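The structure under discussion appears below in the form of structure tokens.
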Amino acid sequence: MDESTVDDVIERLLEVRNNRPGKQVQLTESEIRLLCLTSKEILSEQPNLLELEAPIKICGDIHGQYTDLLRLFEYGGFPPEANYLFLGDYVDRGKQSLETICLLLAFKIKYPENFFILRGNHECASINRIYGFYDECKRRYNIRLWKTFTDCFNCLPVAAIVDEKILCMHGGLSPELKTLEQIRRIPRPTDVPDTGLLCDLLWADPDKDVQGWGENDRGVSYTFGPDTVTEFLQRHDLDLVCRAHQVVEDGYEFFAKRQLVTLFSAPNYCGEFDNAGALMSVDDTLMCSFQILKPSEKKGKFMQGGNSLAGAGRGTPRR
């Protein structure tokens, strides 16, 4: 995919910034196919455990909330102004999964060494067949295009480590995870299995009431307690686990005495929750701070400027 084509796609996807929220961008099917094929090549060449450097901005679930994705970039800076890591769950539930994933893939192609996207549990055919992405592809294009996305998703990396100290993934830890080398060795392309290391990295959840490992109410993977986090960090000489996968009221939430943080970047999730969204900025000393997308006022009230930016959260030193 040549540079002028990528630039043109990005320009059209960003044109709607000043339009009413929800305005669709209908790229051609061949453009989307090219986005998938080109990004798939780049993703496959990069490791399954990305080794990244601060400063970087980290974002949690987006779930097709394209207007909020644009707002995140307005606050954090549009690439290449800042380096980004997204933790997965780009599609399903929201109304504009296609615009969301297309912009992220386009930025991946344009800035392959500055823009990074991990796999979430929704970047999996058996899940996004049910929760909205398949239907959106079928309605706006065709089923064949959905299958092309599946091939691309099967090549997404599953974890990242920032400056050898902050381990990032979509879901959480796994009882099978003994060395980080195991993550590097997960083969790609691959579907997400029902059990095992890859499944846990995308599906597991922390639970303050659990010691060790517990059952997960989702019916998939496990929950893990604060003791599990502490032991894991000590064993691997890490400072922090950064994950997404759960709606949290303030857009970010600490666990296990600030040894783990959950990030969620889709405010007013599904229009049903009153949650904020957050992005976490990691500076070059590994200090973490948060930029918050506040939930909009209840419908019917006009809120100046939509989701306003609350002050960055208290900085958390990491070294």
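Backbone N, Cα and C atoms are what each Cβ position is placed from, and that goes for glycine too.
Computed from a predicted structure; not experimentally measured.
Annotated features in Swiss-Prot:
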BINDING   Asp61, His63, Asp89  Mn(2+) 1 binding site
BINDING   Asp89, Asn121, His170, His245  Mn(2+) 2 binding site
ACT_SITE  His122  active site, proton donor
REGION    299-319  region 'Disordered'
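Positions of the features from Swiss-Prot, shown on the structure.
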residue	record	DSSP (3 states)
Asp61	Mn(2+) 1 binding site	strand
Asp89	Mn(2+) 1 binding site	coil
Asn121	Mn(2+) 2 binding site	coil
His170	Mn(2+) 2 binding site	coil
His245	Mn(2+) 2 binding site	coil
Inside 8 A of the center formed by the CB atoms of Asp61, His63, Asp89, which other residues of the chain have their CB, for the recorded Mn(2+) 1 site? Gly60, Ile62, Gly64, Gly88, Tyr90, Val91, Asp92, Arg93, Gly94, Gly120, His122, Ala244, Phe264, Ser265, Ala266
All-chain count of other Cβ atoms within 10 Å of His63 (Mn(2+) 1 binding site): 28
Using Cα coordinates, what distance in whole Å links His170 (Mn(2+) 2 binding site) and the residue listed as 'active site, proton donor'? 10
So among the binding-site residues Asp61, Asn121, His245, who's got the most Cβ atoms within 10 Å? Asp61
When you measure from the Cβ of His122 (active site, proton donor), how many other Cβ atoms are you left with inside 10 Å? 27
His170 (Mn(2+) 2 binding site) has how many other Cβ neighbours within 10 Å of its own Cβ? 26
Using Asp61 (Mn(2+) 1 binding site) as the reference point, find which of the recorded positions Asn121, His122, His245 has the shortest Cα-to-Cα distance to it. His245
If the Mn(2+) 2 site is taken as the center of the Cβ atoms of Asp89, Asn121, His170, His245, which further residues of that chain fall within 8 Å of it by their Cβ? Asp61, Leu87, Gly88, Gly120, His122, Gly171, Leu202, Trp203, Ala244
Rank aside, I only need the closest one: which of the binding-site residues His63, Asp89, His245 has its C-alpha nearest to that of the residue listed as 'active site, proton donor'? Asp89
